[in-house]
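J.: For reference, the structure I am asking about is given below.
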Amino acid sequence: MTTSSYFLLVALGLLLYVCRSSFGSEHTCESDASPHPQGVCGSPLAEAVEAACELEQSLQGGTGKKRGRASLLRKRRAFLSMLKARAKRNEASPLQRSGRGIVCECCKNHCNIEELTEYCPPVTEGSG
């Protein structure tokens with residue numbers, strides 16, 4: 001093996017290691033995993049996501065009009081109730097679609113505020 005081929009192989013291995021370690025922090029779950037002692041599950045999880053989304057909205061400036069703000073909150077609440085129903089349906093199903101999701105990240109593992117805000121629905125000011 002020539003020196004340049006060896007260098008390329010080492011560089012590729014290092015790149016794969018860096019990519020794997022940066023994505024390795026993702027939570028994965030088994031279907032029968034028990035909740036984390038500091039995990040948030042059920043209705044408190046939906047409330048935590050709602051609070052995180054409202055906090056993110058207020059930090060980003062929100063909307064200038066009260067009516068628009070109320071409409072955005074209604075849309076977010078509808079989205080969060082749909083998310084909660086979907087989580088219940090997926091937990092009841094023996095064949096889950098994937099090992100990741102809000103229940104996996106925040107109930108069966110412990111999640112932080114950034115992970116909670118990943119589940120906020122995209123809401124634009126003009127969609128009211």
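Just so it is clear, glycine is given a Cβ too, placed from its N, Cα and C backbone atoms.
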J.: Taking Swiss-Prot as the reference, Cys29 is linked by a disulphide to which residue in Cys41, Cys53, Cys104?
T.: Cys104
J.: Do me a favour and check the Cα-Cα span between Cys104 (disulfide bond) and Cys111 (disulfide bond); whole Å is fine.
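T.: Distance (Cα to Cα, whole Å): 9 Å.
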J.: To see if you understand the setup: which same-chain residues, six or more apart in sequence, place their Cβ under 8 Å from that of Cys106 (disulfide bond)?
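T.: Sequence-distant Cβ neighbours: Gly39, Val40, Cys41, Leu45, Ala48, Glu115, Leu116.
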J.: Where among the disulfide-bonded residues Cys29, Cys104, Cys111 do you find the Cβ with the fewest other Cβ atoms within 10 Å?
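T.: Counting other Cβ atoms within 10 Å of each of the disulfide-bonded residues Cys29, Cys104, Cys111 gives the minimum at Cys29.
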